[in-house]
Ligand code: ATP
């Protein structure tokens with residue numbers, strides 16, 4: 001027997017490709033299980049503004065291939081206050097909602113956990129949706145695979161022109177606290193150096209590395225800089241290096257928001273479908289204050305408490321070492 005009868009779903013924080021397949025999966029799994037479903041627009045902002053609408057199986061037709069999120073997303077300051085949470089709670093009660101699926105990153109989960117502790121009669125389930133791949137409890141988060149593929153496609157094109165002109169390119173990719181995209185893209189594109197927030201890189205060492213590349217007859221060099229690297233952004237680093245590196249013409253590209261867009265990859269469509277399905281089934285079983293994730297290709301539930309407490313940025317030393325060796 002279902003312990004819940006009406007479920008709400010929202011997307012919050014940064015958008016990520018794969019959110020739409022996940023919304024589709026949540027809606028259809030709920031309907032299959034005779035639950036009513038409402039969609040909430042613009043994350044916690046819509047929850048506070050009572051911007052909700054009934055969803056049906058056809059509400060999510062033909063969205064598997066769409067980037068972004070049909071529910072829209074927002075960063076919502078009022079939800080951080082007790083007053084904002086109370087309004088959100090009253091709006092959910094008015095709608096008869098007794099379970100909430102939140103798709104987002106660690107900020108979204110922090111809000112969901114606080115909310116659920118205050119109002120335990122509304123069950124909450126988190127789905128990791130962020131291109132940063134930085135959540136404990138899931139090897140992959142929604143959007144990371146698509147974003148990495150988008151970055152790789154862009155860098156491949158830059159490599160063509162870099163090679164034609166004997167240029168050194170600094171390419172800045174997203175990742176304020178997480179070097180996950182930078183590292184995967186660096187391995188995939190054969191970057192000569194990868195600068196990550198998790199590891200301090202001395203500019204002198206970088207210059208030495210680039211000079212070695214030049215001595216080894218490299219006709220172009222690519223340095224990938226995650227936006228959170230401690231040396232500053234790609235422009236700052238390029239300026240420091242340019243003074244010392246005379247043999248290359250130095251250029252900078254900031255990939256920016258194109259990394260968030262685009263049709264979700266097969267991986268993100270399947271991940272979104274699996275996580276959405278698992279989230280609803282866990283709520284039906286009576287679970288709450290959990291996050292659904294994928295570990296070793298199996299669905300795993302982690303408490304939101306643990307997911308947030310264990311949330312720290314670890315350098316994947318083995319991948320970094322391999323990337324350095326393979327780029328000689
Ligand atoms: P991304 O990883 O893509 O940035 P995120 O979920 O971490 O996604 P945030 O902007 O940090 O994105 O958080 C999303 C929303 O969660 C915030 O706009 C806010 O409404 C809510 N939130 C974040 N922290 C808290 C908190 N301490 N208390 C209540 N709500 C919070």
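Just so it is clear, glycine is given a Cβ too, placed from its N, Cα and C backbone atoms.
Now, the feature entries from TrEMBL:
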ACT_SITE  132  active site, proton acceptor
BINDING   14, 75, 76, 105, 106, 107, 108  ATP binding site
BINDING   24, 25, 26, 27, 28, 159, 190, 191, 192, 218, 219, 220  ADP binding site
BINDING   106  Mg(2+) binding site
BINDING   130, 131, 132, 167, 174, 175, 176, 227, 251, 257, 258, 259, 260  substrate binding site
DOMAIN    6-283  domain 'Phosphofructokinase'
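With respect to Cβ neighbours within 10 Å, the binding-site residues 108, 130, 219 differ, and 219 shows the lowest count. Taking a Cβ distance under 6 Å to any atom of ligand 1 as the criterion, the binding-site residues 176, 192, 251 reduce to none.
If you average pLDDT over the domain 'Phosphofructokinase' (6-283) in this model, you get 95. Rounded to a whole number, the distance between the Cα atoms of residue 24 (ADP binding site) and residue 107 (ATP binding site) is 23 Å. Within 10 Å of the C-beta of residue 105 (ATP binding site) we count 23 further C-beta atoms, all protein chains included. Packing around residue 176 (substrate binding site) is summarised by its Cβ count: 11 other Cβ atoms lie within 10 angstroms of its Cβ, all protein chains included. Taking only the Cα positions, the spacing between residue 132 (active site, proton acceptor) and residue 174 (substrate binding site) is 8 angstrom. Look at residue 107 (ATP binding site): DSSP puts it in a helix. The Cβ of residue 190 (ADP binding site) has 13 neighbouring Cβ atoms from other residues within 10 Å, across all protein chains displayed. Taking the Cα of residue 219 (ADP binding site) as the reference point, the closest of the binding-site residues 14, 106, 174, 176, 251 is 251. Most Cβ neighbours within 10 Å among the binding-site residues 24, 28, 75, 251, 260: this distinction goes to 24. The Cβ of residue 192 (ADP binding site) has 209, 210, 213, 218, 221, 222, 223, 327 as same-chain neighbours under 8 Å, each 6 or more residues away in sequence. Spanning the residues 24, 25, 26, 27, 28, 159, 190, 191, 192, 218, 219, 220 that the record associates with binding ADP, the maximal Cα-Cα distance equals 53 Å. Each of the recorded positions 106, 132 was scored by how many other Cβ atoms lie within 10 Å of its Cβ, and the smallest score goes to 106.
For the binding-site residues 26, 76, 174, 258, the largest tally of other C-beta atoms within 10 A is found at 26.
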